[in-house]
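**Q** Checked TrEMBL, it gives:
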type	residues	note
COMPBIAS	56-73	compositional bias 'Polar residues'
COMPBIAS	81-92	compositional bias 'Basic residues'
COMPBIAS	297-306	compositional bias 'Polar residues'
COMPBIAS	386-401	compositional bias 'Polar residues'
DOMAIN	609-688	domain 'DUF8039'
REGION	1-94	region 'Disordered'
REGION	294-326	region 'Disordered'
REGION	377-401	region 'Disordered'
Amino acid sequence: MVRDITKAGHSKRKHTKETGGISQDFDARDVNHMAGLQEVHTQVSKEATQDGPIPSNDSSEQDAVQENASVQDTVEDPRGLKKKRGPTKMKKVAMDPESRIQVQFNSLGEPYGEGSISLSSFLGPLVREHVPVTLEDWRNLGDDLKVPLWEEVQARYILDEEWQKDVIFKSMGCLWRASKSRLVHQIQAAKNKQERLRLKPNNIPTLAIWKKFVKTKTSPTFKAISDKYKALRRKQVPHTCSRKGMVRLAADMKRDSANPSSVSRVKVWIKSRTKKDGTPVNTTVGETIEKLREVESNSPSSSTTNVREDALSQVLGQDKPGRLRGMGRGVTISKLAFLQSRDKHVLQLEEQHTDMRSRIKHLESLVHKLIGHHETMQNEEDKNEQNGSQVDKTSPVSMSPKSLDKCKLLDWCGMDEIVAEGCWCSSDPNELVNHTPLGPNAMKVRVDIPNKPEAFLWRPTPNMSCMEQAQGKTIAWPADKVVLQISQQSENEDNISMPSSKNMNSIKCKLFNWSGKEEIVAEGRWFSNDPKMLVNDIPLGPNAMIVWVDIPTCPESFLWRPTPNMTYIEDVIGTKVAWPANKVVLENSPNIEEVGNLSSPSSVNKNSKKKCNLLDFSGSGKIVAEGYWSSSDPGELVHFVPLGPNAMRVWVDIPRVPTASLWRPTSELHCIEDAIGTTIAWPSDKVVML
């Protein structure tokens with residue numbers, strides 16, 4: 001045995017000398033391989049010592065194995081064949097665990113890009129090192145191997161999601177099966193036992209396990225199975241992607257395309273079966289490509305996104321379960337359908353997001369313009385005040401009189417009296433008036449001529465509370481109290497007198513929508529109706545009440561008199577607000593008599609209040625509403641129309657038949673429920689005084 005080893009050493013030195021010292025270029029791979037062979041040789045020697053002397057022919061074969069092991073693949077083949085690159089080691093990635101590499105994934109959950117190239121090269125050596133080829137089925141891989149494999153991958157690549165782990169292990173399984181297949185091919189092609197022994201990987205613990213594996217892979221049973229799958233393999237259409245794969249090929253095609261959405265799996269399949277010069281890999285593929293292009297030209301555009309109806313399915317047949325041609329590893333029909341539905345939804349959300357961003361930018365620009373506009377107006381007003389002059393009464397800053405409509409402002413308290421004349425500016429609810437949003441059911445107007453200078457403003461400010469102070473400025477006014485292009489003067493009506501102001505915090509009340517809708521927007525407590533009392537540093541004014549807001553029933557309702565800090569009902573919970581008197585309904589209490597019936601018309605004094613019932617004017621005899629008589633003067637105006645003979649003006653207090661039609665409907669009032677808290681005309685013979 002010593003003689004044989006010495007002989008092998010002389011042979012080795014002799015061969016090294018003949019090859020010009022190639023052994024000096026050995027890398028770590030060769031050292032590891034030699035160590036593995038030495039271990040095998042030691043184990044063989046032990047077995048030989050126990051079982052008897054080893055035949056001389058085996059010894060010579062072992063010497064040949066050791067001699068050949070020192071010769072590297074870097075030597076050019078004497079037959080002139082091209083040198084193969086050999087298995088990948090990925091030493092650079094393995095030596096730099098601190099800088100983790102980013103890996104991109106497409107919409108189908110498959111890796112692509114620069115990081116995926118390094119990843120696929122790293123997974124091959126990793127799985128070959130840790131997982132022995134003696135494992136029967138990759139699906140039986142235990143946690144004792146899964147955990148270190150995943151930790152090795154995470155140490156070098158940024159992969160933290162659970163679904164990424166599934167993708168990586170599927171890829172490792174394919175790489176492991178491919179390396180195992182190459183090893184089995186080498187085993188079957190080996191000429192003798194020594195060549196097969198040289199192929200033993202280092203992760204197989206004993207020689208007995210390796211011999212058992214070799215025996216299985218060289219058996220007639222396995223050879224029959226192998227030949228069967230080789231025949232099936234030869235029927236497949238070859239591709240030119242090499243190790244790039246379909247996923248990275250599709251990503252490159254989309255990157256280079258002007259319309260990435262037009263890159264279908266048919267185009268990817270054709271590209272993968274075409275050489276660099278544009279010719280198909282063989283004549284069969286060329287015929288298939290011609291058929292695909294012919295089918296695509298005759299098919300509707302919708303069929304390109306449906307994998308069951310596209311050209312590949314029509315020419316090559318339906319895809320088998322578990323895979324899709326030209327889509328990469330792990331993509332199935334059900335998975336593709338789910339991901340396409342998700343991508344469509346995400347695309348819609350992205351479009352909405354883009355639209356919202358553009359709208360927000362537009363609104364921001366408008367806000368900046370408005371701020372600049374108001375600053376300009378404020379500076380102009382300050383200059384005029386300092387110079388002892390007023391703002392131009394006929395043309396406010398940045399507003400052209402030619403672009404404004406003439407209008408008349410009716411008293412917002414409920415009377416049809418014209419309190420001012422001016423010009424309409426805007427009806428946009430987002431328009432700012434005195435730094436406060438205009439809100440719904442309101443208009444922004446400019447006051448030119450105050451017909452009633454002492455008339456209280458609908459939304460007063462600390463510096464402006466009556467028409468006289470608002471002359472030449474823009475104010476907010478109820479939309480139903482703005483009459484455009486009307487020159488007719490309305491006659492004065494009785495002034496509405498409100499009950500005396502007393503502290504009655506114990507009286508509960510309900511606030512109705514001031515815009516005319518019959519809905520309760522909040523519940524609270526009555527506080528005062530003193531016109532001189534301040535609410536948010538602004539006088540309350542006539543026909544209004546101060547109430548505490550306790551419970552908001554419609555939080556998003558716009559306030560009657562909003563401020564820069566308070567716009568909606570939900571903003572004033574637990575605070576005092578001003579509210580129209582005819583939109584505040586007090587609950588029954590002993591103190592209500594002192595306040596008076598606030599649902600009744602305030603235009604009639606306490607001595608002249610007369611309750612009445614309104615009968616159906618069609619003659620049915622039904623009581624359609626209860627209310628209070630106001631006037632029987634034929635010249636009295638009711639909604640800009642004279643009352644006329646045989647008619648009465650009445651306040652509607654309690655609707656008995658809310659859907660009953662009005663005797664004289666208007667554009668805004670059609671039935672009894674629309675007229676609650678307002679005056680209407682009613683036939684005299686249909687009004688029953690109580």
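Think of each number as a place in line: the chain as shown, counted from 1.
Yeah, the Cβs are placed from backbone N, Cα and C, and that goes for glycine too.
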**Q** As a test of reading the model: what is the averaged pLDDT for the domain 'DUF8039' (609-688)?
**A** 85
**Q** Under the DSSP assignment, what numbers of helix, strand and coil residues are found in the domain 'DUF8039' (609-688)?
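**A** Per-class counts: 7 helix, 37 strand, 36 coil.
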**Q** Could you count the residues of the region 'Disordered' (294-326) that DSSP puts in helix, in strand and in coil?
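**A** With helix first, then strand, then coil, the region 'Disordered' (294-326) has 15 helix, 0 strand, 18 coil.
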